[in-house]
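Here is what TrEMBL records for this protein:
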- A:17-215: domain 'ABC transmembrane type-1' (DOMAIN)
- A:20-41: transmembrane segment (TRANSMEM)
- A:61-86: transmembrane segment (TRANSMEM)
- A:164-185: transmembrane segment (TRANSMEM)
- A:197-217: transmembrane segment (TRANSMEM)
Amino acid sequence: MFQFIATYAPQLIVAGIKYTIPLALISFVIAVVIAGAVAILRSYIPHATGFGKLGWHILKFILGFYVWIFRSTPMLVQLFVVFYGLPKLGISWLSPSGWSAAVMVLSLNTGAYASEAIRASISSIPDTQREAAAALGMTDRQIFLRIILPQATRISIPTLANSFVALVKDTSLASVVTIVEMFYLSQQLAAVNFEPLQMYLLVAVIYALFVTVLSFPQRYIQRWADRFVKEQR
Amino acid sequence: MLKLEHIDKRYTEHYALKDINVTFNPHETTVIVGPSGSGKSTLLRSLNLLERPDSGQYTIDDRTIDLSQPLTTETLLWVRRKTGMVFQQPRMFDHLTIMGNMIEAPVHVLKQSKAQATKHAHELLAAVDLDNTADRYPYQLSGGQTQRVAIARALAMAPDYLLLDEPTSALDPELEAQVLRVLNDLAHENQSMIIVTHNMDFARHAADRMLFLEDGEINFDGTPDEFFNNPTERINRFLNAFKFNQNEA
């Protein structure tokens, strides 16, 4: 047993550090940027009229469609479409490597979910805050960036942390687009050593360790973000 | 000077304001009273355009705004800089310290330097006896304290008129007294104020002028002496309702 762990755990951990973690971190950063932008744009109530208003409607429809399509289809299918499907269009710059296909799908998928979380936290800030700021002569932009967003950010942290945990585990799907991350490596090893039970249990434990370690910062981020609310525990 | 002419505000079911004509003079404390749903808050909120009347003219100093036309952002911001607002709830910005709340608008709207805004904020906080709370967050203060901060925060913008919408009705009597003392001081310093309140004691002491609203119309416009000591039959009934309730309690 010890021999087994000593033999295989280091290889898996190296694969995790080389692929799983970078994949998760890079995708998460992109996802948060996408989610923030989508949530802000979808929350914005435009004052524009005429063509400006029409433009906003079209933009909001497109964003809503993006969120809908990524939330209502399996990520595995999305990966297949991007990695195996897009090259069929014959446009070379659209033909992603396994790596870029994985980052693209993981970040767009997580971004779709996270945008809904951020949008919900933005709309959870009571309108009285907006009114109070408006009464002080602040512009819509100032109100949003300086009053609403900081408070919404705090509320969205637990959900975003949840998305991140899910994302770390979802990187295992990248195995289907030829990335030898932890899970793919464990499959390859199990095919050689004929110990699928021990092999997959070991990789499960290592995923759990990774998730636990990667979740540590959440506590500190949350504590910092909660500085202006009453202790709730 | 704030002047409203022929102000109408309709909701689907009823008129909130019906052909309101009123002028608010500088350096006066005007108290607006009336039964619930009479349009007091709508009138007050119209003065800084948080509520948009359907029609009428609004004159501030020598600039007249036609309220039936769409308003530019510039007009909106200009009106709001002339008028400060204090709500029933303090509406602190919870993510900012008390000092952060105080200097937010002076720094970002009036473009004052942070040092200058902070200095002025300390003076205003000291005036409401809360300078020691500058570094705390709003949740660490009581309702009466945050409401005093809310008043100081509005004053930090040096508005020509301070509007207060039932500023003490969410507070218990002891905290209410603290807030009313602050307002009373302001009244004596000739800060122009327009206050919607249910506190008749305060109205009697602080008001230079009383307005009585009912069904979206101004039913009385005169001195507190006339209002309290020589009331019309309708106002008498209104005032007696207060006495009766107070004896009951």
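Along the chain as shown, the residues are counted starting at 1.
A Cβ is built for glycine as well, from the same backbone N, Cα and C atoms used for every other residue.
Owing to the predicted nature of the structure, the values given are computational and were not obtained by experimental measurement.
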Best-contacting stretch, by C-beta pairs under 8 Å, relative to the transmembrane segment (A:61-86) and drawn from A:20-41, A:164-185, A:197-217: A:164-185
Chain residues outside the transmembrane segment (A:164-185) and at least six past its termini with a C-beta under 8 angstroms from it: 11-12, 15-16, 19-21, 23-24, 27-28, 31, 75-76, 79-80, 83, 98-99, 101-102, 106, 109-110, 203, 206-207, 210-211, 214-215
Non-local residues, at least 6 beyond the ends, that sit with Cβ under 8 Å of the transmembrane segment (A:20-41): 59-60, 63, 66-67, 102-103, 106-119, 122, 144, 149, 160, 163-164, 167-168, 171-172, 174, 179, 181-182, 210, 214
Cβ contacts under 8 Å made by the transmembrane segment (A:197-217) with residues that lie 6+ beyond its boundaries: 1, 4-5, 8-9, 12-13, 16, 20-21, 24, 161, 164-165, 168-169, 172, 182-183, 186, 189-190
